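Shown next, in structure tokens, is the structure this report addresses.
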Protein chains: 2
Amino acid sequence: MSERILDFLRRRDADGPCVVVDLDIVRDNYETFAKALPDTSVYYAVKANPDPAILNLLESLGSSFDCASVGEIEMVLATGADAARISYGNTIKKERDIARAYQLGVRLFAVDCVEEVEKIARVAAGSKVFCRVLCDGVGAEWPLSRKFGCDPAMAPDVLEFAHQNGLTAHGVSFHVGSQQANLGAWDLALAMAAGVFQEMALRGIELKMVNMGGGFPTRYLKDVPGVPSYGEAIFGSLTKHFGNRLPSTIIEPGRGMVGNAGLIEAEVVLISKKSAEDEVRWVYLDIGKFHGLAETMDEAIRYPIRTPRDGDVTAPCVLAGPTCDSVDVMYEKTPYELPVSLSIGDKVLIEACGAYTTTYSSVGFNGFAPLASFVI
Amino acid sequence: MSERILDFLRRRDADGPCVVVDLDIVRDNYETFAKALPDTSVYYAVKANPDPAILNLLESLGSSFDCASVGEIEMVLATGADAARISYGNTIKKERDIARAYQLGVRLFAVDCVEEVEKIARVAAGSKVFCRVLCDGVGAEWPLSRKFGCDPAMAPDVLEFAHQNGLTAHGVSFHVGSQQANLGAWDLALAMAAGVFQEMALRGIELKMVNMGGGFPTRYLKDVPGVPSYGEAIFGSLTKHFGNRLPSTIIEPGRGMVGNAGLIEAEVVLISKKSAEDEVRWVYLDIGKFHGLAETMDEAIRYPIRTPRDGDVTAPCVLAGPTCDSVDVMYEKTPYELPVSLSIGDKVLIEACGAYTTTYSSVGFNGFAPLASFVI
């Protein structure tokens, strides 16, 4: 728990929930990634938290950036970073957005089908493309759908098509699933990537880069392996599958870079029961799914919560947000243990909220303001 | 399909998706409710779409307003409406927000437990309260959780507690579930409400009002009963359960008031397959779960979609949004039939998008702007 954040919160007296991110922790995280994977370029996944102070810090540390849109590309360029440090990593791009990115200097694009290659060939000639391949995501707390990437068997055709259309077939990307705690997931994915490299070599095209995506976990309630363990496992798998012809590599940490750097302070608005016989209390906070805690969807992410009554006897409760929307319930299938003495008006601290909170917030559902954010 | 909206869209040339709401349709909807339930007060559920032009129109038509927060109360007062036309319908309120609402003139509050009554008694003395009771929501496309309301057996205690603490125990509220197509749901709920009235009478307290909530459906792909059928069924149930001592009644349409008045225009960004063998295409739009179509969550609401190729042969496709988030997939379990000839760059029209789109939009996830909104 960051003393700097606690100190900031002690001095704040505005109403409403807020998230506070500690830049010292972001710096530590960046350095941990850089040390664990010294030959790998770090492309921060801007979507996790695009706060300008975070982008400025990472720019100064030498990070590169994975962007989902022209909007994010512009945010990164505003830090003074050169466009060569940007990857336009979204496989779904309008042709005019590709053209705008190209005009801004971006030369590295993600694809997963020939239709996307066609757009890039038309408006971003000579750029490098990497093909995202599907990966099953076993072991991830937030396994990915089939939305991004193609079957590994189709990737060589996509890359060869790029090569034939004036682009550089640069490499392969995958994503093992968010909050991935299974170190073996990278091994399977790297074996698949090596297979694509071999097939391309047979076709006379030399790929150069493997983008290993994100998925590095933040510690929520359950313990997760540390970044050094990931570095070791990944380096071992690279050597195993690529031998002494190691490709250049990229990682795209988002949650792993900022997740544990942020803390949300919220207030208990109401504690009640639905009937005299109910065992389980309902605890309503002034923040919920629509104002920052969207990742509690399907109870996927279980945030650690501190209360001023910690240490007292606990009992299970359903945790819900403040809106008039019945889906705005965070933990119900698996109730959350909180102190019996918890009271209306208490402030609670929700840990590991630096990623995927501010931008997931709605613009103003139910008339509540978007999540306030401070980066210190 | 509103000709006024189509005409507006023809003249628009900005990039990006937008929703356009036709005020003529909102006016028709208000008048249909007023006619179907002539003795019932209409409290528009502001959260469905708080656009000032919609609020101004409804104010001029004589509507009252159901508000979820002080923010929404302020929006309604900005139309010039008297605070007597406002219900603070959220059962989860900070005590200081109740105090602010009271200072603004609001005198009608929802509760579902004694803890909430205590707050109101402290800072809004003399106000009227109604107790929300749980209702099982069978037949609703978007059944409600147990988040709001108490067991009907507990309601008399909550209301008696209010009476003993200087508040007026005014009535009972329920919500049969959103997009409720089963007319019988209101009958069950009204029977339960009548039971609470009887129990309160035995305790010497006369309740006066039944708030029948929302749940009136919008026509998406499936047909739904028209508002006059609801009016008839509800009036029949009121007479059946309350005899010749009919309570005053309130309805809170949100979706039913604005849902069918809005249309989203979006663009096809990419159409691709994941492998050469796949039967199902993926169609990616420039709008998804994070920028207005949140109600496709769990594929709950199935929007009608028009394309410029309608009439051509169709085939199933997975429909997804433009963000780098793998949950941003709208229809996958039940693929959506769209014309085989649909092409990248085509504009599509998503119908019945006037409710729960603009405010559900994220502030800027993935660097995409919030949903643009026009009310004409």
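Glycine is no exception: its Cβ is also placed from the backbone N, Cα and C atoms.
The active site, proton donor annotation in TrEMBL covers A:C324. Feature annotation from TrEMBL assigns domain 'Orn/DAP/Arg decarboxylase 2 N-terminal' to A:26-258. Sequence annotations record features per position, and here TrEMBL assigns N6-(pyridoxal phosphate)lysine to A:K47.
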- CA pair the residue listed as 'active site, proton donor' / the residue listed as 'N6-(pyridoxal phosphate)lysine', Å rounded to integer, equals 28
- Note on the structure: Across the domain 'Orn/DAP/Arg decarboxylase 2 N-terminal' (A:26-258) the predicted model averages a pLDDT of 93
- Message: Same chain only, sequence gap of 6 or more: which residues have a CB within under 8 Å of the CB of A:K47 (N6-(pyridoxal phosphate)lysine)?
- Response: A:A68, A:E72, A:G254, A:Y356, A:T359
- Query: Which number gives the other C-beta atoms within 10 angstroms of the C-beta of the residue listed as 'active site, proton donor', all protein chains shown included?
  - Reply: 27
